[in-house]
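Asker: Here it is, the structure, as structure tokens.
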Amino acid sequence: MTALPDTVLIVDFGSQVTQLIARRVREAGVYSEIVPFQSAEESFRKLKPKAVILSGSPASTGDIDSPKAPQVIFDSGLPVLGICYGQMTMCVQMGGKAEPSDHREYGRAFLNIEKDCALFKDLWPAGTRHQVWMSHGDRVIQMPPGFEIFAKSPGAPYAVFGNEERRMYGLMFHPEVVHTTDGAQLIANFVHKVAGLKGDWTMAAFRDKAIAEIREKVGDGKVICGLSGGVDSSVAAVLIHEAIGDQLTCIFVDHGLLRLNEAEEVVSMFRDHYNIPLVHVQAEDTFVDALEGEMDPEVKRKTIGRLFIETFEAEAKKLGGADFLAQGTLYPDVIESVSFTGGPSVTIKSHHNVGGLPERMNMQLVEPLRELFKDEVRILGKELGLPESFVGRQPFPGPGLAIRCPGGITRDKLRVLREADAIYLDEIRKAGLYDAIWQAFAVLLPVQTVGVMGDGRTYEFVCALRAVTSVDGMTADFYHFDMEFLGNAATRIINEVKGINRVVYDVTSKPPGTIEWE
Ligand SMILES: Nc1ncnc2c1ncn2[C@@H]1O[C@H](COP(=O)(O)OP(=O)(O)OP(=O)(O)O)[C@@H](O)[C@H]1O
Ligand SMILES: O=c1[nH]c(=O)c2[nH+]cn([C@@H]3O[C@H](COP(=O)(O)O)[C@@H](O)[C@H]3O)c2[nH]1
Ligand SMILES: NC(=O)CC[C@H](N)C(=O)O
Ligand SMILES: [Mg+2]
């Protein structure tokens with residue numbers, strides 16, 4: 001058994017962006033774990049962290065029963081970084097005061113550095129000014145004894161305070177979000193310069209830890225892995241195979257909601273590269289019949305989640321039973337569907353593999369990528385030696401074309417959408433744009449419009465084209481094609497696909513939109 005790596009404990013008070021803190025710490029080469037504040041004391045004793053970060057929260061320190069950090073953290077002598085609510089609870093718990101303020105601050109703010117400190121070393125010297133991202137209504141009004149101010153902003157007189165000797169700092173802004181300039185570097189400074197941690201944690205170390213955890217959890221049990229041919233499940237399958245070898249069987253479900261020729265391509269691509277048993281299930285009738293006529297996006301997603309599990313269970317039975325179901329679930333699937341650590345964040349949509357799962361299942365879940373973002377999974381995939389044809393693929397959601405056909409689906413609509421989508425992707429590949437785009441796809445709108453083709457009247461469907469850039473799927477911008485590209489793609493789609501007579505381009509970012517239409 002290898003020794004525990006240097007660990008940063010992140011206490012989650014329910015912020016929407018807690019996972020980004022963990023990600024920034026990982027980027028600084030240090031291992032971190034997020035734990036809900038309710039069980040933070042137990043985790044603190046078990047994990048023996050070398051530093052602690054307290055997250056933001058929708059709560060206010062003035063609330064009755066406001067969440068608190070366990071006192072052992074402040075008594076331990078370890079370095080502590082409090083972010084927003086984390087700063088305020090640290091302040092109050094250590095004898096200072098915070099209160100709701102009339103001057104609420106959301107978004108961009110400017111920080112003036114008042115005094116040098118270890119946290120700002122080689123980054124933000126006194127007298128300089130920096131853009132940061134704020135999101136708070138409450139503020140500190142009195143520091144705990146022994147603390148001093150290191151930076152101010154117009155709305156936050158205690159924007160950064162701390163006690164250098166005790167290595168404790170509180171920030172009113174969010175260093176974990178990309179809009180805070182040098183925010184990642186500030187978190188790196190906390191772990192390296194304040195806490196003195198080495199930074200030798202890598203994806204190779206993640207891989208070893210994940211393999212050890214899979215072995216421990218699975219024992220000599222049998223595992224089936226839902227394999228879509230996408231990046232996440234391919235990486236999960238190869239990782240699990242390294243851990244437990246032939247205790248693993250992969251199940252690829254053709255639910256009739258895949259792209260043109262996708263089933264054949266995925267099965268041959270996987271069989272050519274890997275010696276992992278793969279079952280190809282034809283389940284088009286089961287899925288499409290159950291969805292036909294269903295209009296509500298959440299019902300569609302939940303139906304698909306349930307049918308996936310029923311299909312996996314039926315296949316497991318044919319194999320003589322399985323104890324575990326593995327999936328390539330990533331962190332964005334989790335945060336949009338449910339709250340990560342049981343904290344109070346809201347559901348945006350029920351991803352088929354998380355919020356769409358039935359309540360009772362016969363198998364336990366194995367989800368080794370649950371804490372990672374897609375770009376990290378790609379790095380892990382390279383670490384595991386997966387070919388570029390796997391790690392470079394654009395994401396494709398488990399519910400597939402069903403959530404790209406707003407309103408009810410029919411077999412004929414799916415055919416139309418499949419053909420349009422294939423032409424669009426073909427044009428993108430030919431233009432050499434595939435790798436520059438996070439995801440590109442066609443959507444078939446439930447709207448018919450009038451057109452004129454060959455001197456005749458048409459009354460057919462509208463196809464929307466979507467393409468976005470993103471780093472992690474959490475936020476995205478629409479891709480800025482040139483008009484000639486769009487014109488050509490539209491012409492080909494209308495000429496070649498019977499059933500579409502109009503094409504539009506979606507210029508919505510995320511937020512306010514999501515990437516998929518449902
Ligand atoms: N057609 C399918 N057959 C079997 N399992 C599937 C299928 N589609 C999705 N899954 C399961 O659901 C998980 C989540 O789907 P998701 O689309 O997020 O990941 P992915 O397909 O592996 O990767 P990508 O995001 O690159 O498409 C997959 O990792 C896989 O375990
Ligand atoms: O595994 C998945 N199951 C789902 O149910 C699901 N819904 C969306 N997506 C993919 O997740 C990313 C973010 O999608 P949204 O902006 O549409 O929420 C995008 O990459 C989406 O394609 C899914 N992946
Ligand atoms: N982002 C936060 O942590 C916000 C803290 C608190 N809810 C406030 O509004 O001030
Ligand atoms: Mg997929």
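Please read every residue number as a count from 1 along the shown chain.
Placed from the backbone N, Cα and C atoms, the Cβ positions cover glycine too.
Quick paste from TrEMBL:
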- C84: active site, nucleophile (ACT_SITE)
- H174: active site (ACT_SITE)
- E176: active site (ACT_SITE)
- 201-393: domain 'GMPS ATP-PPase' (DOMAIN)
- S228, G229, G230, V231, D232, S233, S234: ATP binding site (BINDING)
Asker: With S233 (ATP binding site) as the reference Cα, tell me which of the active-site residues C84, H174, E176 is the closest one.
Answerer: E176
Asker: Ligand 3: which of the recorded positions E176, S228, V231 have a Cβ closer than 6 angstroms to it?
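Answerer: None, as no Cβ falls under 6 Å.
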Asker: Around ligand 1, within a Cβ distance of under 6 Å, which of the recorded positions C84, E176, G230, V231 show up?
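Answerer: The ones that qualify, in sequence order, are G230, V231.
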Asker: By CA-CA distance, flag whichever of H174, E176, G229, V231, S234 among the recorded positions is nearest to C84 (active site, nucleophile).
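Answerer: Given the candidates H174, E176, G229, V231, S234, the nearest one is H174.
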Asker: Can you list the residues of the same chain, besides S228, G229, G230, V231, D232, S233, S234, whose Cβ falls within 8 Å of the ATP site's Cβ centroid?
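Answerer: Neighbours found: L227, V235, A236, G328, F390, R393.
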Asker: Could you round the CA separation between E176 (active site) and S234 (ATP binding site) to a whole angstrom and send it over?
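Answerer: Here the two Cα atoms lie 29 Å apart.
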Asker: Using the alpha carbons only, what distance in Å do you get between H174 (active site) and D232 (ATP binding site) once rounded?
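Answerer: Cα-Cα, rounded: 29 Å.
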Asker: List those of the binding-site residues S228, G230, S233 whose Cβ lies under 6 Å from any atom of ligand 4, in sequence order, or write none if there are none.
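Answerer: Only S228, G230 meet the Cβ criterion.
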Asker: If you average pLDDT over the domain 'GMPS ATP-PPase' (201-393), what do you get?
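Answerer: Over the domain 'GMPS ATP-PPase' (201-393), the predicted model scores a mean pLDDT of 91.
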Asker: What number of additional C-beta atoms lies within 10 angstroms of the C-beta atom of S234 (ATP binding site)?
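Answerer: Excluding its own Cβ, S234 (ATP binding site) sees 29 Cβ atoms within 10 Å.
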